[in-house]
Amino acid sequence: MAPLLVPLKCGFHMQRRKLSLLLQRSSAVQAWTFHDHRAANKRKERNTYLLSDPSRESSTWANNRGQNSQQILEAVKHLHLQERQCWHGNAGGGLSADPKNVLKEVNSSKILGAMFTYVWPKDRPDLRARVVISLSLLAGAKITNVMVPFMFKYAVDSLNQMSGHMLNLSDAPNTVVTMATAVLIGYGVSRTGSALFNELRNAVFGKVAQSSIRRIAKNVFLHLHNLDLGFHLSRQTGALSKAIDRGTRGISFVLSALVFNLGPTLFEMMLVSGILYYKCGGHFALVTLGTLSAYTAFTVAVTQWRTQFRIEMNKADNEAGNAAIDSLLNYETVKYFNNEKYEAERYDGFLKVYESSSLKTTSTLAMLNFGQSAIFSVGLTAIMVLASKGIMSGTMTVGDLVMVNGLLFQLSLPLNFLGTVYRETRQALIDMNTLFTLLSVDTKIKEKEMAPPLIVTPQEATIRFEDVYFEYLEGQKVLNGVSFEVPAGKKVAIVGGSGSGKSTIVRLLFRFYEPQQGNIYIAGQNIRDVGLESLRKAVGVVPQDAVLFHNTIFYNLMYGNINATAEDVYRVARLAGIHDAILKMPHKYDTQVGERGLKLSGGEKQRVAIARAILKNPPILLYDEATSSLDSVTEENILTSMKEMVKDRTSVFIAHRLSTIVDADEIIVLNQGKVAERGNHQTLLDTPGSLYANLWNTQNSRILSNGSKPEPVPERVSQKEEERKKLQEEIMNSVKGCGNCSC
C-alpha cells in the first residue's frame, strides 16, 4: 500500500514511538514523519487528537475551507490517532499503550476480597478490634435510631388513651402527661444516642480506613519500583500517578460507603421490615420491601443509563480543554497557517457536544429525582392506608400510624443518596480496578529464589558479554551475538552510530532487560544467578541526562549513599569539582535544584551525578554519553573529574564524541548490533578504512569547518528549552479526567 506522506508544511508532527504503535495496531496504515527540531521528538502522545467522529468532523470541515486545514484533517482521518489512553480498566481504556501487553482486569469480587485483607489484617489486632467496635457502634446507632419512632408512638398513645380517638390534653390525667413527657424525653435521648454512636463509629473506623489506604498505596508504590524498565517506558508517569491517586481515593470512598451508607441502610431496611412484620403484620412488611426494591431497582437502572451522558460530558470537556491548551501552546503555528477560525470552530465543536451532554445529564437527574419521590410516595401512601384501616378496625392505634410513618421517613434520607452512592461506588470500583491491576502486573526481570549476592571487589570486577542477542521488538535485533570482556580496573569505551546498541549494553548490565540469548558475567558470576540488589549496588551509572530530585543539592548528592555523613558528601563534591560552585550559591548545599534539576546548568547537573556516583563507591562505573550535551570547556573539566574517579576501577564509557575516550585502554566499535572493531585509539586510527577512523575524521572535519574549536552549546538556552517543555508538560497534565469514564 502506498505510504501516506505527512508533509512538514502541514504543521503536523508525530512521535516515532506513536508511529510504531499505530503500525502495530493496523498493518494497513503506513506513515512517514519528519521532525523539525528536538522538542518535536519528545512531544506527548496525547498532543494528537481523535477526529474520527463523523458529526464533529463534518461540522469542522464545513467551517474551514483552507487547504492547510483540510490536509491536516485528511491526515488525521486516515491515521485515526488517539488523544490519550484511559486508565480505567472497565471504561474502554487500558493500562498499556502496547496492544500486545493488555493487562487482565481484576473483577470487583477479587478487589473487595483483597481490600478485606487490608481492613482485617492478620498482623494488626488493634485494627481488628476497631472494626469490631465500629460494627457494634453501627448496630447500636441503627437500633437507637429505630427507637425514635417508637418513642413517638408511646407518646401519642399515652396522650390519647383517655380521650378515645380525639387528642385532648386538658382531660388527660397528670400521670398520662407525666408518662408522655418521659417518653418524649426518651425520644430526645434516642436521637442523641444515635448521633453519638454514629460519630464514635466514624472516629473509631477512621484509623482502619486510613491505615488500609496507606498500606495499599505503599505496596503499589514498591511494586511499581520493582517492575522492569520496559513497563515504565511504555507508560505515562502522570497517568500512573493519577491511577494510584484515584485508586486510593476509591478505596476511601468504598470503605465509607460500605461502613457509613450502604451497610447501615441495608441493616436498617431489614430491621424496619422485621419490626413491621412483627408489630403490624406481613402485608406491611411486604409493601415496605416492595417499595424499597422498586426504589432501588429504579435508581440503579436510571443511574446506569445516565452514566453514558456523564461520560460523554466529561469526554467532551477533556477534549475541549486539550484542544484549547494545545492550540494556545502552538500559538505561533496557528498564526503561520492562518488557522484561527479553524481552531475556534474545532474548539466550539467540543463545547457543543459538552452542552448537549450536560443538558441530558441535568434532565435525566430531574427524572431520577421525580421517579424516586413517586415510588416512595406510592409506598408510603399504601402503608398509611393500611394503618388507617387498622385503626378503624381497632387492631392499631394512632401511635402505630405515627411509628410506621416515622420508620419509613427515616429510611428515605439514606435512600435519597442511593443513586449518588451507587454511581460513585461503581466509579470507585473502576478506579480500584486500575490500582489492583497494577498490583497484578508481574515483572519480567525476576530474581531466582535464594539467589546469592554478587561478590565482587575492584580487583576482580571483570565484565564479560558472551554471545549476547537482544531485541526490544520481535524481529528487530539490537545486539546480534555481542561478545567482549572488560578486564578489572581497565577503562573500555563503546562507540558506534545511533541504534548500534551502545546504551542497550548499559541497560542489560544493570538488568533492566534480559537478553534473549547469551550470558553476562561480572567477576565470573552470571548476573541472572545473583541477587538484584547486590548487582545494582556493585554498578554505578552516570547517565547522559542527569535527572535530579526536586530537593536540595545536599539531598541529591547524598542520594548516592543515604547513610553517608556530611563530610563524605563534601568530599565527593570536591572530587567532582562542584564544591566551590555550591558555596557561591545563596543557600549553599541547601539550595533547591528545582524540578529535574532545572535550576542548575548542564555542567553542574553532571557534576552532581558524578559526585553521587563516587559516593556510591561501586567497583564498576558506567558512563552513558555523560558529556554529549555539554560545551567543550565544561566537558573537559568534567572529564578531568572522571579521570580521578575511575582510577583502579572497572569503567565502561558509552561515547558519542570520540575525543572523550582517546585515553581508553580499549575501544569497542559496534555496527548493526555486532562488534565490528576493537583496539586502542591509535591502533584503530592506523587501520585503513576502519569505522572508527571514519567516525574520527568525520567529527574532526565538522570541528574544522566551524573553526579551530567546536562552538560551545549555550547551556542557558538549553535550560530555557527544558523549562519550556516542562511547563508544557505540566499544562497538559493539568487536564483532569480520561474522557472514557465518569471520572
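Glycine is no exception: its Cβ is also placed from the backbone N, Cα and C atoms.
For 45-64 (among others), the entry in Swiss-Prot reads region 'Disordered'.
Under the heading topological domain 'Mitochondrial intermembrane', Swiss-Prot lists 153-168 (among others), citing similarity to another entry as support.
Secondary structure of the topological domain 'Mitochondrial intermembrane' (272-281) per DSSP, as helix, strand and coil residue counts: 8 helix, 0 strand, 2 coil. Sequence annotations record features per position, and here Swiss-Prot assigns topological domain 'Mitochondrial intermembrane' to 272-281 (among others) based on similarity to another entry.
Here Swiss-Prot flags Arg306, Thr307, Gln308, Phe309, Arg310, Asn369, Phe370, Gly371, Gln372, Gly419 as glutathione binding site, drawing on similarity to another entry. In sequence order, the list of same-chain residues 6 or more apart from Phe370 (glutathione binding site) whose Cβ falls under 8 Å from its Cβ is empty. Phe370 (glutathione binding site) carries a helical DSSP state (H, G or I).
According to Swiss-Prot, the feature topological domain 'Mitochondrial intermembrane' maps to 386-400 (among others).
If you look up Swiss-Prot, you'll see 703-724 (among others) marked as region 'Disordered'.
According to Swiss-Prot, the compositional bias 'Basic and acidic residues' annotation covers 712-724.
Residue environment of Gln308 (glutathione binding site) contains 14 other Cβ atoms, counted within 10 Å of its Cβ in all protein chains. Maximum C-alpha to C-alpha distance over the listed glutathione-binding residues Arg306, Thr307, Gln308, Phe309, Arg310, Asn369, Phe370, Gly371, Gln372, Gly419 is 20 Å. Taking Cβ-Cβ distances under 8 Å and a sequence separation of 6 or more, the neighbours of Arg306 (glutathione binding site) in its chain are Thr361, Thr364, Leu365, Leu368, Arg423.
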